[in-house]
């Protein structure tokens, strides 16, 4: 290693403004190669989830039909975004042949993989592509990369669209949990007294109810479960760890001088809590949130696996797994690929969480000097 | 200490009341009752007439609003009566849970013992060989195991050992011809059936415990008294075992208390996958059948164990660490 003369080092330190907390943490985070790989994986997963209809689908990304440009693939995000003209002209979701048939001058750009998570692709829909096999014939092939499910739906397409479920459930439910947990924890830690006693008791009660008991009971109460329901339920049961940590951080920070200074300058309670203290308490709170995202994905896929997840037709990795379990002797591909996806995603979030912990917690710094 | 215990127990009772009240309200508000949900779905002709349902509801006190019914249930529980299971020929809930308990205990206690027995050597080995290539690969493997969801692991193991190799049975606790087997045959049969569930129960906590031990050991090994011991020439083995490990026991012991509730719960998904006739499966079935008394009995038991585990952890903490006192 190169040694810099001491005077040069001092000069450098004086000239550059010292790195802020977040930049310093990011630098430390970057030193952990595994955490960086995990972060790249999660970013890639989010990109796949966001662009799912452009990766696998049977609706054109963009097409020209009767003199107008349309984007039928948007229909995968929301039914209403698919232009009604295609329903009026009786396309019935089959664009590949129908477009040319109804308008010879039309053109279209299709997704990378011509497969659909919601239906079986039939023979003759796409040039040189045979009908999707079903049942135990649906082994992975060059047309169905990850095989097909018992009804002949493509597993790769289901998994790409299922990434939307995994990513959104993880983020939204932890967003809800963080909002509840940070607010309650902040109130308990900042005010103390009977508010603290009350909130701590609530936290303890929610912690003591086995989470699966609570979640199964809540899901069973609903008639038709949607992903939004799942997010809310997972969020409303997963906030206790965040609340406890926020409470402890607030109790510690509220005694520091900068809080007294802010108060002396006339800042109100909510300003002190959410602008002054929370900024300083955010780093340790981010760690349980990251682990919580992994947990939320685990709970969602577990519920779908048990048949308590979102009602069909909803592509979820857990739903694929449960179909694989029903015919475990024949359809290994329904278990291996979705299982690996769940595992890798949970692993990635755990690695990021640990990287964050080491980067932001000064006690864990290995190179403390 | 006594006043601390009394205060904790008092708080625990209030917490239990709140939990059971909440869960009772929840399960009573699940659509359908034990007498309408299941049979109607299976066979419409078997559907009971509204009058019959009405009569049964009155008989079991289900015609009252749930907050009133809760107090009936609670006062019965205090007198030791947990009610009967509606969907299992009015079998008392206590008997039903006791019947299912051994199956769950067989899995969870085996896996708990295995996890502790294996995690201590692994944790100590990895802290002694810190940063060597073999230690890093073992630690990475353990970290991956820690992140591997149990239901995914269960399915992968079933694929490998049942579908591919055909060594182990797919599910259940015993074979069909179990009754005709000799004693050693019965034990072998049970062992074969329990292998996969026990592995799935064990690996997660094994990974967690050994990482926990390693983290604590690293903390302790940095202390001055370890350097002193090294300087005066104590053998490395003695340093690890006597000087360092004994001092990591304090946080480790509290883990024992916190893993107590896991002995009984935490098995819902795995028991479902392996069709293991334990309490987790009972719970799952009872939710589907709206069997309120069974759900409540199990919830009460799980919550009591969680609270008892936390209390035990705190008490053990004071027992093993003389610096900790509760006054």
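Easy rule for this one: first residue shown is 1, then count along the chain.
Just so it is clear, glycine is given a Cβ too, placed from its N, Cα and C backbone atoms.
For A:163-353, the entry in TrEMBL reads domain 'ABC transmembrane type-1'.
Feature annotation from TrEMBL assigns transmembrane segment to A:34-56 (among others). Beyond the ends of the transmembrane segment (A:34-56), by six or more residues, the same chain brings 73-77, 111-113, 115-117, 154, 156-157, 160-161, 163-164, 166-168, 344-345, 347-349, 351-352, 354-356 to within a C-beta distance below 8 angstroms of the stretch.
As annotated by TrEMBL, transmembrane segment applies to A:166-190 (among others).
What TrEMBL lists as transmembrane segment is A:202-222 (among others).
Within the same chain, residues 168-169, 172-178, 180-182, 184-186, 188-189, 199, 203, 206-207, 211, 214-215, 218-219, 222, 281, 284-285, 288-289, 292, 295-296, 299-300, 303, 309-310 sit at least 6 positions outside the transmembrane segment (A:228-246) and bring their C-beta atoms closer than 8 Å to a C-beta of that stretch. The transmembrane segment annotation in TrEMBL covers A:228-246 (among others).
According to TrEMBL, the transmembrane segment annotation covers A:285-310 (among others). For the transmembrane segment (A:285-310), same-chain residues at least 6 beyond its ends with a Cβ under 8 Å from one of its own Cβ atoms are 165-166, 169-171, 173-174, 177-178, 182, 211, 215-216, 219-220, 225-227, 229-230, 234-235, 238, 241-242, 245-246, 249, 316-319, 321-322, 325, 342, 345-346, 349-350, 352-353, 356-357, 360-361.
Remote same-chain partners of the transmembrane segment (A:331-352), defined as residues 6 or more beyond its termini with a Cβ less than 8 Å from a stretch Cβ, comprise 34-35, 37-39, 41-42, 45, 135-136, 138-140, 146-147, 149-150, 155-156, 159, 162-163, 166, 170, 290-291, 293-294, 297-298, 301, 317-318, 320-321, 323-325. Taken from TrEMBL, the feature transmembrane segment covers A:331-352 (among others).
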